[in-house]
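Here is the structure we will look at.
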Amino acid sequence: MTDGKAKPPEQITDRLFATERNPEDFRFDASVARVFPDMIRRSVPGYTTIIPMIEVITEQYAQPGSHCYDLGCSLGASTLAMRHGIPYQDCTLVGVDNSSAMIERCEHYIALDDHDLPVTLRCEDLLETELSMASVTTLNFTLQFVPPEHRLSLLTRIARATLPGGALILSEKIRFESDREQEIQTRLHHEFKRANGYSDLEISQKRAAIEQVLIPETLTEHRERLLKAGFEQVLVWYQCFNFVSMLAIKTR
Ligand code: GEK
């Protein structure tokens with residue numbers, strides 16, 4: 001870890017769902033990018049813990065001369081955590097997002113950061129991103145937006161590109177096998193949002209909009225697919241309500 005920690009970007013309050021809107025029009029455009037730091041902090045339980053832990057985990061699994069990837073980097077919070085965690089000057093760090101609005105703002109935040117490890121940002125579909133010699137790859141709440149039929153092939157490509165001893169950090173909103181648990185965890189998540197100042201209208205409209213694009217899976221589905229993709233060890237290192245972060249390790 002370095003002395004100069006990644007600084008969080010300034011926060012503009014998210015009011016995107018405060019008035020009636022069409023649930024079909026959620027996309028990662030300029031209006032979302034503008035309020036994104038506030039939106040994700042107030043919507044995703046544990047996000048503010050997960051980001052600094054990505055730095056800690058990256059420091060453990062980064063290898064000299066390797067490539068590190070942040071797939072679905074948004075404004076670069078997870079990218080900057082990786083940058084500050086990588087202890088080798090000869091590593092490369094690549095952030096990928098297919099939203100030009102996100103990448104434009106991300107460039108700005110990377111430039112403001114005081115760490116000197118170069119970061120390459122690519123505005124492209126992560127399904128097209130070439131991967132090789134990877135020590136740490138991060139999918140921090142991104143796989144959930146990838147169509148389910150592409151998830152296994154993506155994870156297989158990541159596992160094949162990962163060096164022995166390397167790892168994938170995978171954070172996801174999950175669903176539960178038991179309807180009762182699903183109901184309790186969903187209610188607790190909504191209470192978290194309410195405690196963070198979102199109104200009932202904002203919560204229900206965001207839920208309707210996000211359900212069109214975010215497809216959550218169970219922990220069992222994630223675990224089995226990560227093993228099938230070629231990771232040998234899969235563990236949950238963090239969970240808060242229906243939000244989980246896993247570590248998938250390539251041991252050989
Ligand atoms: C963080 N990791 O702050 N290709 C590239 N990018 C994609 C794709 C795709 N196929 N699908 C979605 N995205 C970040 C947060 S946000 C999570 C990640 C959230 C991008 C999308 O444009 C968005 O920026 C990001 O994945 C998901 O740690 O909004 O809940």
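Yeah, the Cβs are placed from backbone N, Cα and C, and that goes for glycine too.
It should be emphasised that the depicted structure is a prediction, and the values quoted were computed from it without experimental measurement.
In TrEMBL this protein carries:
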{"type": "BINDING", "residues": "Tyr47, Gly72, Cys73, Ser74, Asp97, Asn98, Asp125, Leu126, Asn140, Arg207", "note": "S-adenosyl-L-methionine binding site"}
{"type": "DOMAIN", "residues": "70-166", "note": "domain 'Methyltransferase'"}
On a simple 10 Å Cβ count over all chains shown, which one of the binding-site residues Asp97, Asp125 is most densely packed?
Asp97
Tyr47, Asp97, Asp125, Asn140: which of these binding-site residues put a Cβ within less than 6 Å of any ligand 1 atom?
Asp97, Asp125, Asn140
Across all chains shown, how many C-beta atoms besides its own are within 10 angstroms of the C-beta of Cys73 (S-adenosyl-L-methionine binding site)?
29
For the domain 'Methyltransferase' (70-166), the number of residues DSSP places in helix, strand and coil:
42 helix, 25 strand, 30 coil
Longest CA-CA distance among Tyr47, Gly72, Cys73, Ser74, Asp97, Asn98, Asp125, Leu126, Asn140, Arg207, per record bound to S-adenosyl-L-methionine, angstrom:
25
For Tyr47 (S-adenosyl-L-methionine binding site), list the number of other Cβ atoms lying within 10 Å of its Cβ atom.
20
What number of additional C-beta atoms lies within 10 angstroms of the C-beta atom of Asn140 (S-adenosyl-L-methionine binding site)?
26
